[in-house]
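Asker: OK, TrEMBL features for this one:
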TRANSMEM  A:20-39  transmembrane segment
DOMAIN    A:20-440  domain 'DUF112'
TRANSMEM  A:111-134  transmembrane segment
TRANSMEM  A:140-160  transmembrane segment
TRANSMEM  A:172-189  transmembrane segment
TRANSMEM  A:209-225  transmembrane segment
TRANSMEM  A:259-281  transmembrane segment
TRANSMEM  A:320-344  transmembrane segment
TRANSMEM  A:356-386  transmembrane segment
TRANSMEM  A:392-413  transmembrane segment
TRANSMEM  A:425-445  transmembrane segment
TRANSMEM  A:465-488  transmembrane segment
Amino acid sequence: MDTLFQLYGGFLIALEPQNLALALLGAFLGTLFGALPGLGPANGVAILIPLAFAMDLQASSALIFLVNIYYGAMFGGRISSILLNIPGDEPAMMTVLDGYPMAKAGRAGEALAITAIASFVGATVATIGLTLLAPALVQFALLFGSAEYFLLYVLAFALLGGLATGHVVKTWIATLIGLVISTVGLDLHTGVPRFTFNEMKLFEGVDPIVAIIGFFAISEVLWLLRSQGTGSTFKAKVGKTVVGLAVLRRTFFTMIRSSFIGFVCGVLPGAGATLGSFAAYSLERKWVDKEGTFGTGDPRGVAAPEAGNNAAAGGALVPMLALGIPGSGTTAVLLGVLISLNVTPGPLLFTQRPDVAWGLIAALYMSNVVLLVLNLPLVGIFVRLLSVPVQLLLPIVALICFVGVYAISHSVFDIYMMIAMGTFAYFLRLVDIPLVPIVLGILLGGDMETNLRRAISLSNGDWSILFGSPVALTLWALIVLMAVLPMIMERFKSKRVLPAANED
Amino acid sequence: MWFNRTLFAAVGLTATLSMQLALAQPSGVECIAPSDPGGGWDFTCRSVGRLLEEQDRVDGSVKVTNMSGGDGGVGMSYVVSKRNEDPNLLVAASTATISNLAQDRYTGLDHEAVRWVASLGADFGAIVVREDSPYENLNQLLDDVMEDPSQVSFGGGSVAGTWDDLKVRLLAKAAGMEDIADINYVAFNSGGPAQTQLLGGHIDAYTGDFSEIAGQLEAGNVRVLAILAPERLAAAPDVPTAIEQGYDVIGANWRGFYAPGNISDEEYQEWVSILGELYQSEGWQEAMEANGLGPFWQGGEEFGEFVDQNIEQLVETSREVGVLE
């Protein structure tokens, strides 16, 4: 009851006209930031913080503004995934798989609308979870030691089996390529350089976001060049921009399930939104994809990752608010905002400054509604991007990629890296090797390795630590289930060959 | 209708592009914390960055970037190889950075590759256990370590052998332990993740600095067994020093910044004076007090000389505890 009362107080503040206006502005700017390739939520919030200070806002207003940017960027990541085959940020990667085929089939408007709703559902489920369960969830997150984190990443790779388009073997090849790329750079544990050829520019390894832009955007440009932009990849018609009730009914449970999966991933510090959207998509595919339409433009295939990654974004706030330990770059930025508002984040936040804590949570609820209201009408405008002729669109896409990569790294070297990755990806696409497992390997490989080494080092070299807790054993059971199940199912089913996502 | 749509799209794209271009010309300052969020370097960047903005000491905003890996090595090689002329860049550093340089762990780099700007305070080492841990004082903990080092796991934000590990080794040496190398120390990418692991009971003790753990202490989640300071801290008068408990070890960690190596002397001096004024400001004095930092200002050439000495000291210390030959 006390909780509800506090929340009510938070809402009263959030609904003041000035704060509502700020929420709208924040949501709009955030959506734009999210849509730009490379600029994710963390950058968006960081870049716009000075704006909040320049406007000389009160603590709660500033918080509302920045939370809307954060959630806005999570919403916005999907737009370029669907329209251009370029993930706006890391978590939006999975949305490419079904979103782009939908756009090609002239259903871009529908895809954008479904994902807006899925994002809303995901974020709302997460916010409710945050409100009710924050203290209990922290206990859950604390159960994860190094061994458990390692197994969590192994589980993510085991899920890849369900992504296989056609050849399981090719998926594994792709995974290994990704893992190999992730070992480039200074060894995180001891600082020894690996596969760097003594080139200091490689010491930091391959930046995942540079790899993602190269793999998806640059290779897409090359791919379209190959077909000389003919056979017009896009239908001239952009399709309807509203979602029918039937589609909604069909995707509703996908959204709910994915929200829960995403939320759990978000609560674990370090696992985050990328794992959330990935796990949501792969599990959903295993669950409901009876006809094998995932990867070819199934609305459920865009609903799952978007609900998953937005729920994860909400989940990531749990350890930050309740422990004072940020689990991701974005929550670290928000933590900085709290500090600058003279709030000491951490375990005492809820008791010492309930107004701020509950104000923040109320802002999250409101932000979801604002974003949904803002995003549905915007769909029509975004979709018009597709009416730009390919010969104009391609150079612009390439330009955005170059500028985007330079903007995050300030380094020409990373632009070369992006081109190299894009060219590499083009050849991989020629032989039908899927790209998502590679990027996943680059993203998660480093953490998986470090956690394994930490676990082994903690146990003085005793490998049994990997079986040492109930959580670990549960994860093992899931891993075996996920890795073995597809093989068994394969036996029973007639061989189903799905067209690769990149097939024309 | 068609014209209308194209126009719309063209406007949208132009807006998008100009925004991108605007971002490519960074206004303001970037502070790199060469670790994951939640540790001491992260704290340095975020608290100093916040004050630089609030007190209008720099143009535009201060953006904090986390770049973990190799205990600061990834950050330094990134700056040297890709941003070496950037006058709008600061990198958080501390004695931990120096311990890596002293042990020659940043491949191909030494302390002369960058310009040492200033130190803004001293953070003292802390040995921390969970609030429900059986260890009530440092003696009990170190006795168990001496009996069977594999039974007590330490975690910290430094690479094995460097600063956070060195503090444990120095304590073990003061306790008279012989096989110091057997200490079970596990490295994390920053103090933040290591603390989460302590709270979850996955490691037995955390070795870090007081500022990193102040919030958890206040919340009653942890017990600080010893503070490695000459005397008790005003921020935590109940926490005993290691010296009181019979171990003559002080672990003072300066917190400050370096800048890229190829910035001009004027740009360098500007940073020194900006940070010097910030150090004097009320805001920073309050932040130091709240986080248990002691006063410690060094700036400019003077600080450069201090870093030289600091490296020599740490080479010596590393030899003493068997990390260096």
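Cβ from N, Cα, C; glycine included.
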Asker: Same chain, outside the transmembrane segment (A:425-445) by at least 6, Cβ under 8 Å from its Cβ: which residues?
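Answerer: For the transmembrane segment (A:425-445), the sequence-distant neighbours (Cβ-Cβ under 8 Å, at least 6 residues beyond its ends) are 90, 93-94, 97, 153, 156-157, 160, 163-167, 170-183, 206, 208, 211-212, 214-216, 218-219, 222-223, 274-275, 278, 500-502.
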Asker: Any chance the transmembrane segment (A:259-281) and the transmembrane segment (A:172-189) have 3 or more Cβ pairs under 8 A, given the pairs are 6 or more apart in sequence?
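Answerer: Contact between the transmembrane segment (A:259-281) and the transmembrane segment (A:172-189): absent.
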Asker: Which one of these stretches, A:209-225, A:356-386, A:392-413, has the most C-beta pairs shorter than 8 Å to the transmembrane segment (A:111-134)?
Answerer: A:356-386
Asker: For the transmembrane segment (A:356-386) and the transmembrane segment (A:20-39), check the count of CB pairs under 8 Å (sequence separation 6 or more) and say whether it reaches 3 or more.
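Answerer: Checked: the transmembrane segment (A:356-386) vs the transmembrane segment (A:20-39), in contact.
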Asker: Quickly jot the same-chain residues contacting the transmembrane segment (A:172-189) by Cβ under 8 Å, restricted to those at least six beyond its ends, or write none.
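Answerer: Residues 157, 160, 195-196, 202-206, 211, 428, 433-446, 449-450, 453-454 contact the transmembrane segment (A:172-189) from elsewhere in the chain.
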Asker: Between 0 and 100, where does the mean pLDDT of the domain 'DUF112' (A:20-440) sit?
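Answerer: It averages 81.
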Asker: Given a Cβ distance threshold of under 8 angstroms, which distant residues of the chain, six or more beyond its ends, lie next to the transmembrane segment (A:20-39)?
Answerer: 14, 47-48, 57, 61, 64-80, 86-89, 92, 209, 213, 217, 363, 366-367, 370-371, 374-375, 378, 382, 400-401, 404-405, 407-408
